[in-house]
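Per TrEMBL, the feature active site, proton acceptor maps to HIS68. Taken from TrEMBL, the feature Ca(2+) 1 binding site applies to ASP69, VAL72, GLY74, SER78, GLU90. Marked as heme b binding site by TrEMBL: HIS196. According to TrEMBL, the Ca(2+) 2 binding site annotation covers THR197, ASP241, THR244, ASP249. Annotation comment: TrEMBL describes CYS37-CYS116, CYS70-CYS75, CYS122-CYS318, CYS203-CYS228 as disulfide bond. Annotated domain 'Plant heme peroxidase family profile' per TrEMBL: 27-322, in sequence order. Feature annotation from TrEMBL assigns signal peptide to 1-23. Per TrEMBL, site 'Transition state stabilizer' is recorded for ARG64.
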Amino acid sequence: MASNKILCLSLLLAAAAATLAAATGGKLSPAYYSTTCPKALAIVQAGVVAAIQKETRIGASLLRLHFHDCFVNGCEASILLDETASIATEKTAVPNQSVRGYDVIDDIKAELEEACPGVVSCADILTLAARDSVAWMQLGGPSWEVDLGRKDSLTAGRAAVNTSIPPPTFNLTALAASFSSQGLSFRDLISLSGGHTIGVARCVSFRGHIYNDSDIDPSFAESLQQICPRSGSDGVLAPLDLKTPTHFDNCYYRNLLRKQGLLHSDQELFSGNSEANSIVRTYVNQPSVFFKDFVQGMIKMGNIKLLTGSQGEVRTDCRKVN
């Protein structure tokens, strides 16, 4: 009898969610879950905060997880799918092999399934988790309202990973083209790269920059060479922002002015292009402008190639289709 009641409740919640989606024409809305799962945002935030308090680095990992999802066939949680006979997972593609945070999303999803089964999509969880990570690590800095109502994909896009995720070796022209292909502007590229003000990168990602590039502070390069040899130690980590690696601020751009960008692609943002240089200087001198532009960029990125309405599904387990 109890199991029948739970089943009926699940069906009612799913029907309510479908009704709301139909009423909004499948469009996103900050209030999408206000009736069907009123505690959804609080549950996601609590899960993110608990994960960051356990390991500060995970905030940057969740932000990166969202980016790597959205740049491959849109923000539809395809990156979360595990390998099956019919699905080639995105997780093992080279650009994603160092991506982290899957377990945090699993934990949050489990809480949401207990509170309101079959209602909150994994794609929306990823988007909210990225926002909450930034807001928490800004230590009181601005947050933003997230439109909700994304659906989850029915398959993964492994073949698109290598061509969609810009590698750390890209120059400014290639970076701009990569972002433009996603509908993001040159200014979006500069502002969203500011997400590198938190987190770390592996030696294999910055080795070429510290040994082969001339556009780098010599003492900075030498200090990194002490932990990242010409061969081996690929997994050794260094902070993307040497000054404040656990605080979301504008120090990333200050580092670029000193030629202390960790990745080749970082330093490319301040390497001779007058438009890029001007934007970087603006973010150094006016951090509020950086925050505003970053928020606008995150909102735009979170809307790339969405599945809404009757498209896709709401997975009950983010790692597999229903």
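Placement of Cβ uses the backbone N, Cα and C atoms for every residue, glycine included.
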Rounded Cα-Cα span from HIS68 (active site, proton acceptor) to CYS75 (disulfide bond), Å: 9
Among ASP69, GLU90, ASP241, ASP249 [binding-site residues], residue with fewest other Cβ within 10 Å: ASP249
For VAL72 (Ca(2+) 1 binding site), the one of ARG64, THR197, CYS228, ASP241, THR244 that lies nearest, given that the recorded positions are compared by Cα: ARG64
Separation of alpha carbons, the residue listed as 'active site, proton acceptor' and CYS116 (disulfide bond) (Å): 27
Integer Cα-Cα distance in angstrom, CYS122 (disulfide bond) to SER78 (Ca(2+) 1 binding site): 9
Cα proximity to ASP249 (Ca(2+) 2 binding site), best match among recorded positions ARG64, HIS68, SER78, HIS196, CYS203: HIS196
Pairwise CA distance, ARG64 (site 'Transition state stabilizer') versus CYS37 (disulfide bond), rounded so that it is a whole Å: 26
Closest of SER78, CYS228, ASP241, THR244 to CYS37 (disulfide bond), Cα positions, recorded positions only: SER78
